[in-house]
Amino acid sequence: MLSSASSIIQSPIHSSSRLDWIKQHLGTKTPYTSELENITLVNEPGCELLQFHSVIRHGTRWPTARNTAIIKDMVSRLLMSNSDKLQWLKHWDDPFLTGKAGYLHIAGQHEMYHMGRRIAKRYQRLLESVDLDTDELQFASDAQSRTSRSGSAFHLALLEQTGDLTSAFISPATWSIYPKATDSYIHMGYTCPRWLSEVYTNPNATYQAEAWIEVMLPPISNRLSTEFGVSLSFDDIEAIYAACAFETSFFGNYSNWCSLLDAEDILTLEYAEDLEHYYKFSYGHEINRWVATDLMSMLMRRLESNKPPKMSFQFGHSQTILFFQTFLNLNQDSDILRADTPIDMIHERKFRTSQVSPFAANIGLELHDCSGTRYIRALLSEQEIILKGCEEAMCPFDQFKSWIDEKLKQDYDVVCRL
């Protein structure tokens, strides 16, 4: 079906452009890239930056226990192949350690540290105005290791040269950890009974992803099974894509696993993952539009408060970013994405997890005072965007508030009630 995909790649398989292209199509396992090379201070003429708040996905992590298991199963099958194309596998050193499944990888630590340095430079004046002996700067995460460790790496960078601790002169910071049982800010779906019932435990919730897989993966598994002389399942194909993604994210160079898939395969697998996340955490189900209500309510309280934290950073997961973007109506396509969506629309879709929810994806909100009038500006992964209800990136706060207040009439406890 993805007939035009093979024409995207014109250069040799090991070229840098091939690697760059792959890095843009790895779904939620895509490594974070910042296009900001020359960081400049936020400086709107005639305006004062009052607040900055950001919701940030954790950095690159180790594969989950399931991903680790299916990769190992797939490797055991491919090792039985006599294909010359797999000679490298006999000498492959498996980097995916079972004991580290789901934890933050060193590549993720670096992603978060460098983001912290960029934020410190971009918001230097605001940061200098923060009283670090108080709660004017706040950090929060859920109770999972990879989110809190992401926040820790970010904190080390953000607050270098601001205090008296260690040789880097780091300041301590205020931290909140939200327990899973009551967390409606970060891992918010799990405290929403309606979402748990209608989506999470509903075997039909991701039917469209399964329908796509049933049609589109057999040609890939059949071709590779024939080529390598072993029987490869759909899980094996998913495992090859996952190994390609994680090795690329870990090491930043070309993975031999990626060479087993052509461009059309990668686009097919990317859309399969997009459909799954679209229906689990985004526009595919009505309840998904409201799961981030409490998170937005908290941020609005801060933006409207006379004594708010001037800066706050919330560290979460891909679902945190996707629920929040969905609440804000960002990256919404004109039609619902389905297994039978026309190919040209699939290629041109706005909802692409490789772009909207890679590792370390983030949504930031700035509050400015411009001659007595307050403005809000949003950034998606450090690039400014135009919010719903606004005509420009610098949007009058009251204009945005009138739109968001209508949405916030939906109480989280009420909308999540069964």
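In case you wondered, yes, glycine gets a Cβ from its N, Cα and C as well.
Just so it is clear, the model here is predicted, and its values are computed rather than measured.
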Cys395: disulphide-bonded cysteine as recorded in TrEMBL, out of Cys390, Cys416: Cys390
Which same-chain residues, if any, lie at least 6 apart from Cys395 (disulfide bond) yet have Cβ under 8 Å of it: Tyr375, Ile376, Arg377, Ile386, Leu387, Gly389
From disulfide-bonded residues Cys244, Cys258, Cys390, the one whose Cα lies nearest Cys47 (disulfide bond): Cys390
CB contacts for Cys244 (disulfide bond) [other CB atoms within 10 A, all chains]: 25
Packing count at Cys258 (disulfide bond) (other Cβ atoms within 10 Å of its Cβ): 24
Fewest other C-beta atoms within 10 angstroms, as judged across Cys47, Cys370, Cys390, which are the disulfide-bonded residues: Cys370
Cα separation, Cys370 (disulfide bond) to Cys390 (disulfide bond) (Å, whole number): 17
